[in-house]
Each structure stands twice: as C-alpha cells, then as structure tokens.
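Inspection log for the structure reproduced underneath, given as structure tokens.
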Amino acid sequence: GRVRVAVRLRPRNAEDLLSDADFADCVELQPELKRLKLRKNNWSSESYKFDEVFTGTASQKRVYEVVAKPVVESVLSGYNGTVMAYGQTGTGKTFTLGRLGKDDASERGIMVRALEDIVANVSLASDTVEISYLQLYMESIQDLLAPEKTNITINEDPKTGEVSLPGAVTVKVQDLDHFVELLQIGEGNRHAANTKLNTESSRSHAILMVYIRRSVPEKVEDDINSQDRKTKSKLPMVRKSKLLIVDLAGSERLDKSGSEGLLLEEAKFINLSLTSLGKCINALAENSPHIPMRDSKLTRLLRDSFGGSARTSLIITIGPSSRHRAETTSTIMFGQRAMKIVNVVKLKEEFDYESLCRKLETQVDHLTAEIDRQQKLRESEKYDLEKRLRDCHDSFNETRKNLVTRSELLEQKNTRLELDIEEALAELNRQKDQNSLLEDKIADL
C-alpha cells in the first residue's frame, strides 16, 4: 500500500515565545480537513493535504493509534512494517517515538506503545519477540545494546534484497518492563549534544528492529507415500515479520545550529545521509528506473521501507516558528513526495523447519525408545523361554530318571516273581509226583 504520512506540529517552546513573540506561526493546521497551510509570507500561503495532521495538543496515545497501530497490527499478521520520524532538529521526533514515560504513562512514545501491543498479542510461550537497537553515527552502524560493537556490516540477500545485520546483538524480550530497560540502556549509549537549535539534539539515526516469530495453524498438504496413495500431512508453519522504528537525527542548517568541530562533522554526516534518503524518495515518487539506495547506509537499511514490501508510516515533525520556514517547507515537501510511494506488502509465511526438525527428533527419540523397549521385551521373553526350556529339560530328565528307576525296580520285582513262580511250579510238580506214588500204592493194595 501507499506510504502513509502524518504531520505533527510542535507547540511553541520558550525560545519561540521569546524570538517570535511578534510574529504569527508559519503554519496553520486544519485537522478536520487533514490539511496544512504554510505561510510563505504575509500575503500568500500554500495548502497541503496529508493522511493526518496533529496539532500541538495531540496526545501521544492518539498519535500512536493513528500513525503506528495499523503498522503494528500488520506486523503481528506477518508483514514487515516501518514507522519513521523525519524533521528538523528540535521538532519532537524523539519525543514522539522514544519517550519512555516512566513518570507519566501518558507521555509514552511509539516505541513503548508498539511493544506493549505486541507483547499483549503474542504468546511468549510459543512465539518469540526479539529486538536489536542500533544507531547510525557518522556513517558507522553501532550497537546501542553493546557499545563495543562499533562498525556493524550490512548484508543483503542477492536474491531477495533482504537486509540483515549479523553482527548486531539480538535480545529476546521477556515483557514490557524488560523492553523499557533495554530502551533505556540504548538511549544512554546514543550520541546527543547541545546545539543552538536543540539542547538535547540526537547526533545519530536510531533504528529499533523488532523481530516477531509466530506459529500459525499447521498447513495440510497432499503427500504421496510408498504405496502411491495420497495422504494428508500437516506441516508446521511460521510467520516471520520485522518492525522498524526509525528516529532520524534532525536536519539542521549549519549556519543556524552553531555547530563547530566534532558537532560540525556530525551535522555534515547527518545532512549527507538525509540528502541520500531524499534522493531515493524523489526517485521513487517519480517512478525513476534507478533508485540510489546504495548511496548511504541509511538508505540501505530502509530499502524495504520505501519501495519494498513493508507497510510504512511516516510522521513528519515541524515547528511553528517563522524563523525556520525554509526547513519546515523542506520537511513538508519530503512528506508530500513520500505519499506518492507505493509499497507491495508481502506476507512472509514459511514452513517452520526448526519446529519440524524438533518434532521429527522427538518422533525419532520416541521410536528409538520403543525399539529399545521391544528389544528389552524380546530379551526378557527370550530369557523366560530359555528358562522354561531349561525347566522342561530338567523336568524331563527327572521324570526319565524316575521312570528308569521304577523300571529297574519293576524288573527286579518281575525277576523275583518269575523265580517264585518257578519254585511254586517245581513244588507243584513234586506234589504231583508224590500224589502219583500214593495212587500207585493204593492201587497195589
């Protein structure tokens, strides 16, 4: 979709009230029409339409809900998103984005509110939220969470053009309080200085990267098994999205800021990178065939945000002072050109190979345990069978031994009986012989 651009007007500060007391504001907002009138001089003005205009009384909550919340919701759905603040130094970019609001929750900026919404809508048990917090200082990328990392390189995927920073520290967010602590650490390491235009001027571009990894319902796909029968297999899916919140250092006129020495060098680098960004915005707005994205590290980091696949919201911050009419005009024109840029948002959903590997490892462990169990069971059964076989052998041998013994006893008994029978027969024969003799004697008588 098209890059959304909102304008936020900073109220008059003490310096404005002192220096411009006799002059009218150089801008007039018409919130109901979402228009801004820029007074070029006392008799002429130009009108510009934006997606939203915020007066000096607009609350931090309203700014977040209009500018950033739709982007955060898109990121939670699996799309990349960018929220960026652009404007002259001292117009409230860091207040809009990075205000922690530790003493007054209503003052919390977009960074804290975005993470509050993210943490509330993800399950930290199954999803992960990680952040990197960097600054681009004098064309060197430095890690705000690990200050010793001072020259982080940018890697670009040659196929997709996706930008990554492998040298940056990535911290897993535990809860909102943990995130605020990390922001506080980062802000403490960010370069800032006192200039004529801003007592706390950011001297670097700050880039907060929020990486969200969410599990989604498993996708069912046709699978072919070994018997060539179609089956349905469930594949775990994951959505990976990235939210960039970019607090650009303020552009400044060197003759007005009073920068000298190191401050002057810092200002030159800031203006150089912002000029490169402006060239890219102009080229994209005019559909130029060549977009000079590689001219600076800032534009390389924002490659996906302008003309890429991210949903992008830009908030331009301006002051009311007529003394800075030229800078305010430049900021407004930057916003107008950015509104012409159309990004093609893409859902980044892919197979969750890590989860699938873990699932397969669990299945392998389960199957290995089952094989071990079956093997132990077979060994136990084998032992039982062998024992039963041994018992049968022992029982058989015992029975056989008993039978042999009984057989021998029976044979002995049988022999004795046979002898007894023979003796009885012999006795019977003798009796018969005696009877025959007696019968003969009787006959003789």
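Here the Cβ of each residue, glycine as well, is placed from N, Cα and C on the backbone.
Going by TrEMBL, these are the annotated features:
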DOMAIN    2-341  domain 'Kinesin motor'
BINDING   Gly87, Gln88, Thr89, Gly90, Thr91, Gly92, Lys93, Thr94  ATP binding site
COILED    357-441  coiled coil
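Long-range neighbours of Thr91 (ATP binding site) (same chain, six or more residues apart, CB within less than 8 Å of its CB): Arg10, Gly250, Thr317, Ile318, Gly319, Thr331.
Thr89 (ATP binding site) falls within neither a helix nor a strand when secondary structure is assigned with DSSP, and so counts as coil.
Here the coiled coil (357-441) returns a mean pLDDT of 89 for the predicted model.
Packing around Gly92 (ATP binding site) is summarised by its Cβ count: 24 other Cβ atoms lie within 10 angstroms of its Cβ, all protein chains included. Annotation for Lys93 (ATP binding site): spatial neighbours Ala85, Tyr86, Gly87, Ser202, Asp247, Leu248, Gly250, Thr317, criterion Cβ-Cβ under 8 Å with sequence separation of six or more. Neighbour density for Thr94 (ATP binding site): within 10 A of its CB lie 25 other CB atoms from the protein chains shown.
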